[in-house]
C-alpha cells in the first residue's frame, strides 16, 4: 500500500477483520466476532476502518473506542485486494487530510456518493426521483482551481512548513505537490515554499491562498504582522516573474489589497462558454473549485428548468451570478432573472458581471434568506422557475415561501445530501414531485457529495 496510513501507535491493539461494506464517508465497516482473536465482550460491535474496502481481510489498529462502535486504521492488507482498490496517485495521501478516497476506483467513488444521496432521500423524505440522471464527472484529476494552504514556521529547526492539515488534526503536513490541485498551481509549491522560507517575516504568515482564473493566477498572503519592505518586494518580484497577481491581507477580508494595483483591477476571470458569459471575481469570492463540473452543472440546471423566452426565474443564494447570468441568456431580453444573496459585496459583483455581459434582464438584491423576506417586492412578483443553491445548512427557512413564488419547476443544487433530503420532504408537502436527480463529482477523491435535483409542481395544495 502506498503511504496510506500513519505510523502505528504501539499502545493501541490490532485485530484482523473481514470488511463487509462501506460507510458513507468511504471507510470499511466490519464487526467483532469474525475472527477467533477478537475479544468475546466485543462480539457484534461495529468497527469503521480507514482505507479498508468491502471483501478484504485486513489487519487494523484501533484508534478510537466508543460504547457502540470503534474506529480503526488499516495497517496491512492480508489477502487479495478488492477489485475497487487502486494505487493512490499522491505521495502525501494517508497523511494529508485533504483527500479520503484516492484508494477507491473513481467509478466506485461515484457509486458510493449516489448511494449516500439515495439513502438520505429515503431516510429523511421517504422519496426517490422518478429518474436518476448520469452523474456529472470531473474531466481531470487536477481539478482544484483554488486552495488555502497553511504556513507554519518552526524556529528551532529554522524550517517553514507549507501544507495542509493532517487527517483529524490541526498539525500541518509539508507537501511538495498536490495531485488534485491545478497543475499550474501544484508545480509551483516547492518554489513558493522556498520563497516564504527566505522572508524575514515568515513567522507572521498564517496561510497563503492560490486561485486560478481562466487566464490569471493570484497569490494571497495572509499575515498577522506587517511585512517589511524587503519582504514585500521579494513577494512582488516572485509574482512579477510568474505573471501572477499578488495580494496581501493583514486582517479581515476588508483589508485585502493588491500589490501593484496599477497593473489592473482586483479581479480574476472565468467564462461559461456555452452561454457566452464571463465572470470577474476577487481572490476571496466564493467560486466553484472544479471548472469542468461547474460548466456541466450550469448546463444541466438550465436544461432541467426548460426555460422559454420571456419567462421569469428566481435564483436564491446567487453569489456572483454563476447561475443567474446563464439563466438570463436562456430567458432572453424579454425575460427576467432575479438573483438574491446575503452578501452586499457579492450582489454588487453579480450586478457588475451582468453589466459586463449586457444582461439587463438580470437584477440582484441583498437579503439574509434565513430571515423573513416576504415584504420585499421581488418576493411577490411570481416566477416560472426557481433555482436554489444554498450552503450546507440547506434552505429550510425558505421552504415556507416557495408556494408564494408560483414556480412550476425548481432546481435544487446541494452540497449536503441530508439537508437536500430534509428540504425535499417539505417541497413534496407543497405539491412538488422529485422528478430527476444526479450526483456531481465536484470534489473527486473526497467524501463530499454534491447533487442536483429537479422538482415539478403536480398539484395544488392549500398550505
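Glycine is no exception: its Cβ is also placed from the backbone N, Cα and C atoms.
Quick look at what Swiss-Prot annotates:
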| type | residues | note |
| --- | --- | --- |
| DOMAIN | 6-76 | domain 'TRAM' |
| BINDING | 90, 96, 99, 178 | [4Fe-4S] cluster binding site |
| BINDING | 288, 317, 322, 341, 368, 389 | S-adenosyl-L-methionine binding site |
| ACT_SITE | 415 | active site, nucleophile |
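Feature map: Swiss-Prot annotations on the structure.
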residue: 90; record: [4Fe-4S] cluster binding site; contacts (Cβ under 8 Å, 6+ apart): 96, 99, 102, 177, 178, 179, 180
residue: 288; record: S-adenosyl-L-methionine binding site; contacts (Cβ under 8 Å, 6+ apart): 294, 297, 322, 442
residue: 341; record: S-adenosyl-L-methionine binding site; contacts (Cβ under 8 Å, 6+ apart): 317, 318, 319, 347, 350, 364, 365, 366, 367
residue: 368; record: S-adenosyl-L-methionine binding site; contacts (Cβ under 8 Å, 6+ apart): 342
residue: 389; record: S-adenosyl-L-methionine binding site; contacts (Cβ under 8 Å, 6+ apart): 315, 316, 317, 318, 319, 322, 323, 412, 413
residue: 415; record: active site, nucleophile; contacts (Cβ under 8 Å, 6+ apart): 391, 392, 442, 448, 449, 450
With the fewest other Cβ atoms within 10 Å, the residue among the binding-site residues 96, 99, 178 is 96
Cβ-based neighbourhood (8 Å from the centroid) of the [4Fe-4S] cluster site, residues 90, 96, 99, 178 excluded
92, 93, 98, 102, 164, 175, 179, 180, 445
Three-class DSSP secondary structure - residue 96 ([4Fe-4S] cluster binding site)
strand
Per DSSP, residue 322 (S-adenosyl-L-methionine binding site) is which: helix, strand or coil?
coil
What counts of helix, strand and coil residues does DSSP assign across the domain 'TRAM' (6-76)?
3 helix, 33 strand, 35 coil
If you measure every Cα to Cα pair among 288, 317, 322, 341, 368, 389, the residues listed for S-adenosyl-L-methionine, what is the largest value in Å?
21
Residue among the binding-site residues 317, 322 whose Cβ has the most other Cβ atoms within 10 Å
322
